[in-house]
């Protein structure tokens, strides 16, 4: 592969950053060698406690057990809201940007406090108490954050289901976590279209007799079906409640939320996060990874239905007293300039999005970026999947005008917060690399026998010891936690991802371990081949899978989406094969290339590779559930034009 270009830390940034290179290495060494001392200091620095802890941490990876700050007590909303009021009551906590560019709102910390307390009192009036589970099925409106924080205020456990999920998916999650209350809206708005949330909720709840209350936020004012025994309008319920709600003091290890993540097989896993450790991970990573400075406007484009929205729209920024932007819309509505127009409108300093969005916007051309100023931007970030170097360079050069470092963050729903990531003032950047571990994170690379790979090498990525934001259990099924994360390599947390470590100790995520190609006995990650394909200026996006090959065992099947206006032909096909040969070697030449107008993606933007593998293998009768796809019709096109008949 071509040698990556190194982007050194700008001197001016290093001089004013929270963490410079020397401090990173000193503090990282302390976090590994003296973890109890290091984490106790950080827990006192970042969080406000009602009662101190007895022990900082204990863990047993053979049993999948971990506790942090045991015996300590705190409330999440006191940390996110109340403690800021003496100095920040009139500062903006949340900027809300509606789907319609002419609609926005600013919510101060005082207004946030009052809204959360009123919402919490509505929940209490419906019988919700500490430890009860509450399901949230909402659009990206401020009330989604209020609902989360209202649960945390009274010690209830929230389970957010992304507003794009089907009634069936919603029902499964309500049943699994035994939620008695559901919070939703009449409709959502996304890209100029209405999303029938209440109608979907009604279909789901029809199969959930345990749900006694459905609290509905009026977003569009659309007519919706109404069950007078069960349904209540939030605005009506709030008329009779107070703006004071005493916070419930929670044990550090009390549950804060359950968030479902799809398993490779079987039903979704309810990832359970607890209070103290998770909040510390959220706050620390938000401040250090984005070098957040007081008064800055921070925008994470995720939905609160995903962990990125939990940690980096709500809990991390608010714990740090930041101004966090919530966006109801999509990056391409009404035009592909929307993100950059929002950055100009609200003077956004830090912008955090997914490689999928970056590639989509890159495919639309530079003119949409060039039509805006983006002068306020200081730090850029990516999350959700590895970013290929070409998209990284475009993001850096075109969006950031070559002056904004990119934080390529690797983490998971299960880790709670960033695990491998650059820090703006400390770590030189290599496009496509998540660089180095965050404080307290001990990554290891393991071979097929579970032996540690030292120095340069490639293997399965695992974590050697506990970190504060670690998953505590799979809700209601601790055996599944052990089976999924702690049994493959006993004594380690197994991430399910493969990684390569270079001569500088930088980590490169090579894709899910089940996305490893084995061609004639040679192993390579799908991400490597995809990166080679998208080097071509006519390629917008590519996804690579293996398929059964009579000679090689596995052949390489590439799905390629071209830039807008580009017509496919055999000449281009040959150029792409040559690109892979040039970048990786002859072994990486795709055997089959299918031109794909779109790829099957979940609503969070992740490519559903299971479907790509099935189509490539011609196993069309076992495609499985496609209900969580953003556009299920994409699959029909892939099947119709498949190459391996």
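Just so it is clear, glycine is given a Cβ too, placed from its N, Cα and C backbone atoms.
The CoA binding site annotation in Swiss-Prot covers 190, 191, 192, 193, 308, 520 and is backed by sequence analysis. In three-state terms derived from DSSP, residue 193 (CoA binding site) belongs to an extended strand segment.
Here the Cβ of residue 413 (ATP binding site) has 18 other Cβ atoms within 10 Å, regardless of which shown protein chain they belong to. Annotation note: residue 413 (ATP binding site) sits in a helical segment as assigned by DSSP. Marked as ATP binding site by Swiss-Prot on the basis of sequence analysis: 384, 385, 386, 408, 409, 410, 411, 412, 413, 497, 512, 523.
The Mg(2+) binding site annotation in Swiss-Prot covers 534, 536, 539 and rests on sequence analysis. Cβ neighbours within 10 Å of residue 536 (Mg(2+) binding site), excluding its own Cβ and spanning all shown chains: 20.
Proximity of residue 606 (N6-acetyllysine) to non-local residues of its own chain (separation of 6 or more, Cβ distance below 8 Å) is seen for 356, 384, 385, given in sequence order. Sequence annotations record features per position, and here Swiss-Prot assigns N6-acetyllysine to 606.
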Residues that sit under 8 angstroms from residue 512 (ATP binding site) by C-beta distance, when 6+ apart in the chain: 496, 497, 498, 609
Residues close to Mg(2+) site centre defined by 534, 536, 539, Cβ within 8 Å: 390, 533, 535, 537, 538, 540, 542, 560, 576, 579
Cα proximity to residue 534 (Mg(2+) binding site), best match among binding-site residues 191, 308, 386, 409, 413: 386
Nearest recorded site to residue 536 (Mg(2+) binding site) by CA-CA distance, among binding-site residues 190, 191, 409: 409
Binding-site residues near residue 308 (CoA binding site), in sequence order, restricted to 386, 409, 413, 539 and a 10 Å Cα cut-off: 413
Site of maximum Cβ density within 10 Å, from binding-site residues 191, 192: 191
C-alpha spacing of residue 413 (ATP binding site) relative to residue 190 (CoA binding site), in angstrom: 24
